[in-house]
Amino acid sequence: MRGAGRQMGRDSRSRSRSVGRRGRKQRSRSRGRSRSRSRSRSRSRSRSRSRSRSHGRSSRRRREHERRRERKRRSRGRRSDSEGEQRQKSRRRSQSLRPPRWHSQNQSSCSDSGEERAQGSWARKGHRRSWSPGSSASSLDSPRRSRSPGTATLALSQQQSLQERLRLREERKQQEELLKAFETPEEKRARRLAKKEAKERKKREKMGWGEEYMGYTNTDNPFGDNNLLGTFIWNKALEKKGISHLEEKELKERNKRIQEDNRLELQKVKQLRLEREREKAMREQELELLQREKEAEHFKTWEEQEDSFHLRQAKLRSKIRIRDGRAKPIDLLAKYISAEDDDLAVEMHEPYTFLNGLTVADMEDLLEDIQVYMELEQGKNVDFWRDMTTITEDEIAKLRKLEASGKGPGERREGVNASVSSDVQSVFKGKTYNQLQVIFQGIEGKIRAGGPNLDMGYWESLLQQLRAHMARARLRERHQDVLRQKLFKLKQEQGVESEPLFPILKSEPSAAHSPEPEERPPSPGTSVDPVEPVEPEEATAPGEAEGEAEGEAVLMEEDLIQQSLADYDAGRYSPRLLTAHELPLDAHVLEPHEDLQRLQLSRQQLQATGDASESAEDIFFRRAREGMGQDEAQFSVEMPLGGRAYLWADKYRPRKPRFFNRVHTGFEWNKYNQTHYDFDNPPPKIVQGYKFNIFYPDLIRKRATPEYFLEACADNRDFAILRFHAGPPYEDIAFKIVSREWEYSHRHGFRCQFANGIFQLWFHFKRYRYRR
C-alpha cells in the first residue's frame, strides 16, 4: 500500500510539474505575443508619427512657398511704385529747370497731401520734395544747389543699378531657399559635404598646399598620418623656445607671421634668382652676338677664299681646255683678260673677234659664262665683261634676225631697213668712242623730244646698234692701250729706243683744221628728219684731231686689212690676161665649158675614193667619240711615270701612244642626297666610271695584246694609278683614277678588247647599297 501510495504521489507530483511547465510555457508565449504586439504598436505609432511629421513638413513647405510668393508680389508692387516715383521725380527735376512758381505753404501742403494720397506709401515716407517760396528763393539765391540734367540722370542710373543688384541678390537667395526646401536628404548631405570640402580646400590653399596634395585626407594619404589636416604642435620645440605657455590662438598667429616672413623671404630669393637668370641670359645673348660677329667675319673670309678658289678653278679649266684644243669662247676671253695683267703676254686680236663663227646657242652659253665670271671676279674687269655682253647680245639679235628673215612678210619691221642698214654701218664705222657717245646723246635727245612724225622704231633700233658700236670702240681703244703699255715695258726691259709698234698715220693739217661735217645716219624716209646732234661733233672734231696728231696713230685691224687689199690690187697678184700671140707654141687652150667638165669629173673621182683629208688619227678619234653622252667628259690628265728605261730603246725610238679617254659622272641618289637635294638643286656629281681608248697602230708585235696594271697611289689612298703597257715602240702611259671596286660584268658596260689598233678599257664602279 505504501508503495502504491508512493507511486501515486510521484505521479501526482509529475503531473503538477508538467502542468507548471505548460503554464510557464503558455505564460512565456503570451508574454512574447504581448511584446510583439507592443513592438508592432510602437512601430505603428512611429509610422504615424513620421507620417504626421512628414505631413507637417509638407504643410510647412507649402506655407513657406505661399509666403515667398506673397513676398514676390509685394516686391513687384514696391518695384512698380518705386518706378512710378522715379518717373515723378524725373518729371519734377525736369520742371525744376523752369523758374518756380510762388505759392503759399497751405497750397503746397495741400498739393503735397494730394500727391501723397496719389503715390501711396513711398510718398508718405518723405522721399519727394515740395516746392515752397522759401525753397524757390533759396534755389534762386544759390543756383549751385540745383542739379543739372546729366547729374540727375547719373544718380538715377546708379540707383537703378543698385536696386537691380539688390533684386538679383534677393532672387538668388529665394532660389537657394526654395532648393533647400525641396531637396532630398541625400542632396542635402551632398551639398553640405561639398561646402565642407570647399572650406577645407580654401584652408589648405591658405596653408600653402599644392595641387598634388589637395586630395589628401586624414584617412586617405600616402604618409599614414591620421591627423594630417590638423595643425601639428611640437611641444618639445615650444618648451625649448620658452613659448609653451602660449595659447593655441597666439601660436596660430605666431605661425602665421612666421609663414608670412618665410613667404616674403622666398619671394625675395625667387626675385634674386630671376634677376640672376635674366642677367645670365643677357650675358649669353651678348656672347652669342659676339660669337656670331666673329663667325660672320670668319665666314666672310671663307666666302672670299671660296670665290677666289672658284675663279682659279674656272681659269684652270679654261687653260686645260685651251691646251687640249677644245677651247670655248669664254676660255679665250678669260685668257685675254688675264693676259692684260701679265707683263709679257700679248694678244694681237681684239676680244670681240672671238665671236666670229659662233651660233646662237654658243653665244647664249657665252652670256651665262660671262655672268659667272662677273660674279666670281666681284667687280674686277666689270667694264670689259659688260661690253662683251652688249656685243654678244647684238650678235645674237643679228643672227636671229637672219634666221627669221625667211618667215615671210608677216614679220614685224625691225626699225631699220636692209637698204639703210649698210649706210648706218658706214656712218658708225671708224669713229672713236667719244664721237659715238656724242651721236648717242643726240639720238637720245631726239627720242626724248619726240614729235608727231618721229619713227620711234627706227631711232630705237639705231640706238641699240650704236650701243654695240660704242662697246666695240671702247674695247678697241682698251686693246690699243694695252698693246702700247706692253710694248713700252718690253722696250724698257730690252733697252730699245721707243718706236711706234705700227706705222704712223700722219694726219694732214688741212684735215685737222678744216673738218668736214660728220655723216649723219640716214633717216628711214621723208617723215623722219636726219640726226641733228652733229654740231657738237663738229665743234669737238678739231681738238680731237690735234690730240691724235700729237700722239701715235695706230693702225686698226680693219685698216691693215684694207691696206693689204689695196696692195693686192696694186701688185696685180691675179694672172694677167694674155693674148693669142703671147702664148707658147705647145700650149693647149681649153674652152671654159671643157674646163668645167674636167673639174666636175675630178670632183666625182675624189668623192668616190672617200675623205682625202681624214687620216688614221682622225678615224681613231671619230671612233673613240662614238656614243659619247652628256654625262661623259674628256679625260686627258696624264700621270708622269718618271725616267723608265726600255730594253728595246736602242732599236726603236720610244714614243707615247695617242689616247682619247672619257670619264662618266653622275648623281648618286642615296638616302642622304634624297633628303637634302632634289632635281632642281642636285647633289654634286661623282665619278661613276671611265672609258680608256689607247691608240697603238704601229705595234711591232701585232699578236701581243696590250695590258693594264692597277697600282696604289702613294700619296692618297682614295686614288689609284692605272698603267697601260703594250710593248715596242710605245712607252707605258698612266692615269690617276678614283680607287673604287670595278664592275666586271658586261651587262654593266665592262669592255677590255684590242681591235684595229685600239685598246679599249671601259668599266663602271660598283654601287654600294646599304640595307638594314
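Just so it is clear, glycine is given a Cβ too, placed from its N, Cα and C backbone atoms.
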- Task: Would you mind telling me which of 247-299, 406-458 Swiss-Prot tags as coiled coil?
- Result: 247-299
- Can you check which of SER148, SER523 Swiss-Prot annotates as phosphoserine? SER148
- Between 0 and 100, where does the mean pLDDT of the coiled coil (157-207) sit? 87
